[in-house]
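Colleague: Submitted below is the structure of interest, expressed as structure tokens.
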Amino acid sequence: MTSRIELARVDLRGRTPSTAELRAALPRGGVDVDSVLHHVRPVVEAVRERGAAAALEFGEKFDGVVPATVRVPAAELARALDELDPAVRAALEESIARARRVHADQRRTDTTTEVVPGGTVTERWVPVARVGLYVPGGNAVYPSSVVMNVVPAQTAGVGSLVVASPPQANFGGLPHPTILAAAALLGVEEVWAVGGAQAVALLSYGGTDTDGAPLDPVDLITGPGNIYVTAAKRLCRGLVGIDAEAGPTEIAILADATADPAHVAADLISQAEHDVLAASVLVTDSVALADAVDAALTAQLAVVKHAERVRTALTGKQSGTVLVDDITQGLRVVDAYAAEHLEIQTADASAVAARVRSAGAVFVGPYAPVSLGDYCAGSNHVLPTAGCARHSSGLSVQTFLRGIHVVEYTEAALKDVAGHVVALADAEDLPAHGQAVTVRFEALS
């Protein structure tokens with residue numbers, strides 16, 4: 001018999017905590033990346049010094065397998081696609097089509113502003129030249145992460161893509177065949193059988209494969225991973241760009257008495273099954289709903305495949321129910337929490353959702369569960385965690401673009417503003433800056 005699940009409760013009714021107090025009171029887990037940096041730094045340094053040879057040694061140590069080459073042969077990509085379950089292939093094709101439709105509308109166009117007659121500034125959008133897309137192994141297989149990383153990069157016009165995913169002992173040192181098939185379906189030709197911190201380091205520094213072929217370094221690394229991947233990203237940031245330091249997945253649900261407790265429970269469980277550190281948070285003004293959700297969690301947990309993992313996540317310090325006076329207070333709570341995934345299951349859900357200011361993605365109403373966004377909504381599921389949605393966005397076409405300002409001024413336009421340039425340069429005690437302008441209009445003495 002399954003023991004009853006009762007989410008820990010934080011009661012904010014009748015209180016008006018400050019923002020700092022609110023953030024401190026809310027359930028929050030996360031991981032301490034600093035605690036593993038001393039383990040990861042030697043891995044990164046070894047790969048920097050010895051390239052693929054070091055990465056393969058760490059792969060043997062951590063994954064228990066050494067691939068014949070880091071780069072997966074093209075024949076293996078083709079074979080994985082040929083052998084892919086037809087239902088999974090159809091689902092991936094639908095996911096790709098929807099993601100491409102959404103991300104196509106994110107393309108940026110160059111803009112030119114005439115500041116003054118003869119003086120223009122153009123913002124030109126240029127894709128990152130080469131990108132490394134990390135797809136984790138671990139508790140599950142994530143072909144959907146291949147889609148979510150590759151589609152915006154391709155849409156942005158990135159010319160060179162490499163997917164890195166851990167080698168699997170069960171598959172002869174290759175990444176999981178579903179990962180390979182997804183890459184092939186997207187037209188990705190370069191996949192590396194390397195995972196963990198050593199993958200991030202090899203993507204950053206490059207090296208030489210066992211067959212002598214070059215493994216070119218990338219300019220940007222995206223994609224989620226465990227704490228060691230995150231630590232390696234931190235250590236390599238600057239040498240390469242990174243999308244974010246991803247933490248455990250999280251869902252917050254803002255719900256009132258109109259919500260179906262079975263739906264709320266199912267959605268909380270769906271994210272809890274990712275990881276024992278996953279966060280599932282309910283914010284509600286209805287004690288009756290909170291009680292009903294606890295009962296529904298208990299009932300559903302009895303038939304969930306990964307019951308122990310889910311139970312551990314739901315009963316961890318990162319999960320719980322927050323009781324509020326009303327939906328307005330609930331909105332303040334969810335904005336302070338800044339969830340990776342936020343569901344709105346209230347009356348007039350669209351109007352409530354329009355008031356949200358901090359969330360990685362918002363799922364509105366009873367028929368937009370987070371699972372839809374994970375796979376087939378068309379939105380991207382690589383989203384900011386650990387409260388970073390207060391200042392950061394999810395993966396998009398913009399992630400893979402750089403805006404370059406192109407400044408063009410005629411002689412007359414420069415002469416017209418020269419006095420202002422000189423005044424500001426002198427105010428900052430940088431007279432050579434002003435001289436670089438005036439020299440164009442007067443002879444040197």
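Yeah, the Cβs are placed from backbone N, Cα and C, and that goes for glycine too.
In case it helps, Swiss-Prot gives these features for our protein:
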type: BINDING; residues: TYR134, GLN198, ASN226; note: NAD(+) binding site
type: BINDING; residues: THR249, GLN271, HIS274, HIS341, ASP374, GLU428, HIS433; note: substrate binding site
type: BINDING; residues: GLN271, HIS274, ASP374, HIS433; note: Zn(2+) binding site
type: ACT_SITE; residues: GLU340; note: active site, proton acceptor
type: ACT_SITE; residues: HIS341; note: active site, proton acceptor
Colleague: Would you mind checking how many other C-beta atoms are within 10 angstroms of the C-beta on GLN198 (NAD(+) binding site)?
Modeller: 29
Colleague: Under a three-state reading of DSSP, tell me whether ASP374 (substrate binding site) is helix, strand or coil.
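Modeller: In three-state terms, ASP374 (substrate binding site) counts as helix.
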Colleague: CA-CA, which of the binding-site residues GLN271, HIS274, HIS433 lies nearest ASN226 (NAD(+) binding site)?
Modeller: HIS274
Colleague: Which has the fewest other CB atoms in a 10 Å radius around its CB: HIS274, HIS341, HIS433, the listed binding-site residues?
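Modeller: With the binding-site residues HIS274, HIS341, HIS433, fewest surrounding Cβ atoms within 10 Å: HIS433.
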Colleague: For the recorded positions GLU340, ASP374, GLU428, which one has its C-beta crowded by the most other C-beta atoms within 10 angstroms?
Modeller: GLU340
Colleague: Determine, from DSSP, whether THR249 (substrate binding site) sits in helix, strand or coil.
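Modeller: Coil, per DSSP.
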Colleague: Are there any residues at least 6 positions away along the chain from TYR134 (NAD(+) binding site) with a Cβ closer than 8 Å to its Cβ? List them or say none.
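Modeller: The answer is ASN149, VAL163, ALA164, SER165, ALA199, VAL200, LEU203, ILE221, THR222, GLY223, PRO224, GLY225, VAL229.
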Colleague: Quick one, of the binding-site residues ASN226, THR249, which Cβ has the fewest other Cβ within 10 Å?
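Modeller: Comparing Cβ neighbour counts within 10 Å for the binding-site residues ASN226, THR249 gives ASN226.
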Colleague: Neighbour count, 10 Å Cβ-Cβ cut-off, for GLN271 (substrate binding site): what number do you get?
Modeller: 28
Colleague: For the recorded NAD(+) site, whose residues are TYR134, GLN198, ASN226, find every other residue on that chain with a C-beta no more than 8 angstroms from the centre of their C-beta atoms, and list them by sequence position.
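Modeller: The answer, listed by sequence position, is PRO136, ALA164, PRO166, GLY195, GLY196, ALA197, ALA199, VAL200, GLY225, TYR228, VAL229, ALA232.
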Colleague: DSSP secondary structure for HIS274 (substrate binding site), reduced to helix/strand/coil, please.
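Modeller: DSSP call for HIS274 (substrate binding site): coil, neither helix nor strand.
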